[in-house]
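Straight from Swiss-Prot, the features:
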- 13, 14, 15, 16, 71, 128, 132, 136, 196, 197, 198: substrate binding site (BINDING)
- 66-71, 81-82, 87-88, 110, 145-146, 190, 200: FMN binding site (BINDING)
(Lines of atoms letter the chains of each structure in order from A and count residues from 1; the text may use other names and numbers.)
(Lines give C-alpha, C1' and ligand atoms only; values in the text may rest on other atoms or scores of the structure.)
Protein backbone atom coordinates (compact mmCIF):
# COMPACT_ATOMS: atom_id res chain seq x y z
CA UNK A 1 0.00 0.00 0.00
CA UNK A 2 1.31 3.45 -0.98
CA UNK A 3 0.44 6.01 1.70
CA UNK A 4 2.90 8.83 0.98
CA UNK A 5 3.59 8.71 -2.71
CA UNK A 6 6.40 11.11 -3.59
CA UNK A 7 5.87 10.48 -7.28
CA UNK A 8 3.27 13.16 -8.07
CA UNK A 9 1.79 12.65 -11.52
CA UNK A 10 -0.53 15.67 -11.26
CA UNK A 11 2.14 18.02 -12.58
CA UNK A 12 3.16 15.87 -15.54
CA UNK A 13 1.96 17.80 -18.55
CA UNK A 14 3.09 19.26 -21.84
CA UNK A 15 1.74 21.50 -24.57
CA UNK A 16 0.44 20.06 -27.82
CA UNK A 17 2.12 22.03 -30.58
CA UNK A 18 2.06 19.81 -33.64
CA UNK A 19 -0.68 21.71 -35.41
CA UNK A 20 -4.44 21.43 -35.64
CA UNK A 21 -7.14 19.66 -37.58
CA UNK A 22 -9.58 21.78 -39.56
CA UNK A 23 -12.67 20.87 -41.51
CA UNK A 24 -10.94 21.51 -44.81
CA UNK A 25 -8.38 18.86 -43.81
CA UNK A 26 -11.09 16.19 -43.69
CA UNK A 27 -11.98 13.64 -46.34
CA UNK A 28 -15.48 12.51 -47.27
CA UNK A 29 -14.69 8.94 -46.24
CA UNK A 30 -13.07 8.56 -42.79
CA UNK A 31 -11.00 5.61 -43.98
CA UNK A 32 -9.13 7.89 -46.38
CA UNK A 33 -8.10 10.22 -43.54
CA UNK A 34 -7.21 7.22 -41.38
CA UNK A 35 -4.99 5.83 -44.13
CA UNK A 36 -3.29 9.23 -44.49
CA UNK A 37 -2.64 9.48 -40.76
CA UNK A 38 -1.43 5.88 -40.58
CA UNK A 39 1.06 6.51 -43.39
CA UNK A 40 2.30 9.59 -41.52
CA UNK A 41 2.68 7.49 -38.37
CA UNK A 42 4.75 4.99 -40.36
CA UNK A 43 6.83 7.75 -41.96
CA UNK A 44 7.50 9.17 -38.48
CA UNK A 45 8.87 5.73 -37.53
CA UNK A 46 6.56 5.34 -34.59
CA UNK A 47 6.97 2.05 -32.76
CA UNK A 48 4.13 -0.27 -33.81
CA UNK A 49 2.01 2.29 -35.71
CA UNK A 50 -0.61 -0.41 -36.36
CA UNK A 51 -0.99 -1.15 -32.64
CA UNK A 52 -4.53 -0.51 -31.43
CA UNK A 53 -6.22 -0.77 -28.06
CA UNK A 54 -9.10 -3.21 -28.48
CA UNK A 55 -11.94 -2.82 -25.96
CA UNK A 56 -14.61 -5.45 -25.34
CA UNK A 57 -17.04 -6.15 -22.49
CA UNK A 58 -17.98 -9.32 -20.64
CA UNK A 59 -21.45 -10.57 -19.75
CA UNK A 60 -21.49 -8.32 -16.67
CA UNK A 61 -20.63 -5.18 -18.60
CA UNK A 62 -17.05 -5.17 -17.30
CA UNK A 63 -14.79 -3.62 -19.97
CA UNK A 64 -11.44 -5.15 -20.93
CA UNK A 65 -8.68 -3.66 -23.07
CA UNK A 66 -5.56 -5.00 -24.75
CA UNK A 67 -3.16 -4.02 -27.50
CA UNK A 68 -3.57 -5.88 -30.81
CA UNK A 69 -2.02 -5.25 -34.22
CA UNK A 70 -4.17 -4.17 -37.16
CA UNK A 71 -3.54 -6.50 -40.11
CA UNK A 72 -5.80 -5.16 -42.86
CA UNK A 73 -8.35 -2.45 -43.51
CA UNK A 74 -10.69 -1.50 -46.32
CA UNK A 75 -14.26 -0.29 -46.77
CA UNK A 76 -15.50 -3.61 -45.36
CA UNK A 77 -13.79 -3.01 -42.02
CA UNK A 78 -10.64 -3.40 -39.92
CA UNK A 79 -9.11 -6.85 -39.43
CA UNK A 80 -7.16 -8.47 -36.61
CA UNK A 81 -6.32 -12.06 -35.66
CA UNK A 82 -6.36 -13.88 -32.34
CA UNK A 83 -6.75 -17.14 -30.46
CA UNK A 84 -10.46 -17.98 -30.51
CA UNK A 85 -10.24 -19.19 -26.94
CA UNK A 86 -8.94 -15.83 -25.75
CA UNK A 87 -10.92 -13.56 -23.46
CA UNK A 88 -11.59 -11.04 -26.23
CA UNK A 89 -12.80 -13.69 -28.68
CA UNK A 90 -15.13 -15.19 -26.08
CA UNK A 91 -16.48 -11.76 -25.17
CA UNK A 92 -17.05 -10.87 -28.83
CA UNK A 93 -18.96 -14.12 -29.29
CA UNK A 94 -21.39 -12.93 -26.60
CA UNK A 95 -21.35 -9.23 -27.46
CA UNK A 96 -19.92 -8.13 -30.84
CA UNK A 97 -19.75 -4.43 -29.92
CA UNK A 98 -16.15 -3.24 -29.96
CA UNK A 99 -13.96 -0.15 -29.79
CA UNK A 100 -10.56 0.28 -31.45
CA UNK A 101 -8.21 3.09 -30.39
CA UNK A 102 -5.03 4.03 -32.26
CA UNK A 103 -2.83 6.05 -29.84
CA UNK A 104 -0.25 7.94 -31.89
CA UNK A 105 1.14 9.93 -28.95
CA UNK A 106 4.25 11.22 -30.73
CA UNK A 107 2.03 12.91 -33.32
CA UNK A 108 -0.50 14.17 -30.74
CA UNK A 109 -3.16 12.10 -32.48
CA UNK A 110 -5.62 9.36 -31.79
CA UNK A 111 -8.37 7.67 -33.80
CA UNK A 112 -11.29 5.75 -32.31
CA UNK A 113 -13.46 3.28 -34.25
CA UNK A 114 -16.77 1.98 -32.88
CA UNK A 115 -18.61 -0.91 -34.46
CA UNK A 116 -19.37 -4.63 -34.40
CA UNK A 117 -16.97 -7.51 -34.92
CA UNK A 118 -17.68 -10.54 -37.09
CA UNK A 119 -15.64 -13.72 -37.51
CA UNK A 120 -13.54 -14.04 -40.64
CA UNK A 121 -13.99 -16.97 -42.99
CA UNK A 122 -11.63 -19.94 -42.73
CA UNK A 123 -10.25 -19.06 -46.16
CA UNK A 124 -9.33 -15.53 -45.05
CA UNK A 125 -7.69 -16.84 -41.89
CA UNK A 126 -5.74 -19.55 -43.73
CA UNK A 127 -4.48 -17.03 -46.27
CA UNK A 128 -3.10 -14.75 -43.58
CA UNK A 129 -1.78 -17.59 -41.41
CA UNK A 130 0.23 -18.91 -44.37
CA UNK A 131 1.91 -15.50 -44.74
CA UNK A 132 3.23 -15.47 -41.15
CA UNK A 133 6.82 -16.42 -40.27
CA UNK A 134 7.05 -20.10 -39.32
CA UNK A 135 8.01 -19.35 -35.71
CA UNK A 136 4.92 -17.14 -35.38
CA UNK A 137 2.79 -19.96 -36.76
CA UNK A 138 4.23 -22.31 -34.15
CA UNK A 139 3.66 -19.68 -31.47
CA UNK A 140 -0.04 -19.73 -32.33
CA UNK A 141 -0.11 -23.43 -31.49
CA UNK A 142 1.76 -23.00 -28.20
CA UNK A 143 -0.40 -20.56 -26.30
CA UNK A 144 -3.85 -21.30 -24.94
CA UNK A 145 -4.38 -17.58 -24.64
CA UNK A 146 -5.68 -16.17 -21.32
CA UNK A 147 -5.32 -19.53 -19.54
CA UNK A 148 -3.27 -19.66 -16.33
CA UNK A 149 0.21 -21.22 -16.52
CA UNK A 150 2.75 -22.03 -13.82
CA UNK A 151 5.83 -20.51 -15.50
CA UNK A 152 7.20 -19.15 -18.76
CA UNK A 153 9.19 -22.35 -19.12
CA UNK A 154 5.96 -24.18 -19.93
CA UNK A 155 5.58 -22.06 -23.07
CA UNK A 156 9.22 -22.30 -24.06
CA UNK A 157 9.28 -26.09 -23.70
CA UNK A 158 6.10 -26.43 -25.75
CA UNK A 159 7.52 -24.14 -28.43
CA UNK A 160 10.68 -26.23 -28.77
CA UNK A 161 8.63 -29.42 -28.86
CA UNK A 162 6.39 -28.13 -31.65
CA UNK A 163 9.30 -26.59 -33.55
CA UNK A 164 10.81 -30.05 -33.73
CA UNK A 165 7.47 -31.58 -34.72
CA UNK A 166 6.91 -29.07 -37.54
CA UNK A 167 10.55 -28.97 -38.64
CA UNK A 168 9.63 -30.46 -41.99
CA UNK A 169 6.72 -29.19 -44.04
CA UNK A 170 4.09 -26.57 -43.38
CA UNK A 171 2.55 -25.64 -40.05
CA UNK A 172 -1.20 -26.35 -40.16
CA UNK A 173 -3.75 -23.76 -39.10
CA UNK A 174 -4.90 -24.36 -35.51
CA UNK A 175 -8.65 -24.88 -35.25
CA UNK A 176 -8.66 -22.46 -32.30
CA UNK A 177 -7.04 -19.57 -34.20
CA UNK A 178 -8.97 -17.05 -36.27
CA UNK A 179 -9.74 -13.43 -36.98
CA UNK A 180 -12.32 -10.69 -36.79
CA UNK A 181 -13.47 -7.90 -39.06
CA UNK A 182 -14.76 -4.77 -37.35
CA UNK A 183 -17.61 -3.19 -39.29
CA UNK A 184 -17.47 0.38 -38.04
CA UNK A 185 -20.19 3.02 -38.03
CA UNK A 186 -18.39 5.72 -36.03
CA UNK A 187 -14.87 7.15 -36.27
CA UNK A 188 -13.42 9.97 -34.18
CA UNK A 189 -10.22 11.83 -35.07
CA UNK A 190 -8.42 13.70 -32.30
CA UNK A 191 -5.55 16.15 -32.79
CA UNK A 192 -3.91 17.76 -29.78
CA UNK A 193 -4.08 21.56 -29.69
CA UNK A 194 -2.51 24.45 -27.78
CA UNK A 195 -4.04 25.43 -24.43
CA UNK A 196 -5.93 22.10 -24.38
CA UNK A 197 -8.16 23.32 -27.21
CA UNK A 198 -7.90 20.00 -29.02
CA UNK A 199 -9.55 19.32 -32.38
CA UNK A 200 -12.07 16.49 -32.54
CA UNK A 201 -14.15 15.41 -35.52
CA UNK A 202 -16.71 12.62 -35.39
CA UNK A 203 -17.78 10.67 -38.48
CA UNK A 204 -21.07 8.78 -38.16
CA UNK A 205 -22.49 6.55 -40.85
CA UNK A 206 -25.62 8.01 -42.44
CA UNK A 207 -26.91 5.51 -44.98
CA UNK A 208 -24.28 5.36 -47.70
CA UNK A 209 -22.72 8.64 -46.58
CA UNK A 210 -20.95 9.99 -43.52
CA UNK A 211 -22.14 12.77 -41.25
CA UNK A 212 -19.29 14.86 -39.81
CA UNK A 213 -19.48 16.89 -36.62
CA UNK A 214 -16.89 18.86 -34.70
CA UNK A 215 -16.85 17.99 -31.00
CA UNK A 216 -15.78 20.18 -28.11
CA UNK A 217 -12.44 19.09 -26.62
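Every residue, even glycine, has its Cβ placed from backbone N, Cα and C.
Looking at residue 200 (FMN binding site) and residue 15 (substrate binding site), their Cα atoms lie 17 Å from each other.
Cα distances from residue 13 (substrate binding site) to the binding-site residues 66, 70, 87, 110 are smallest for 110. Reported as a whole number, the C-alpha separation between residue 198 (substrate binding site) and residue 110 (FMN binding site) equals 11 Å. When Cβ neighbours within 10 Å are tallied across all protein chains shown, the highest count among the binding-site residues 196, 200 belongs to 200. All protein chains included, residue 110 (FMN binding site) registers 19 other Cβ atoms within 10 Å of its own Cβ.
Between the CA atoms of residue 68 (FMN binding site) and residue 132 (substrate binding site) there is a gap of 16 Å.
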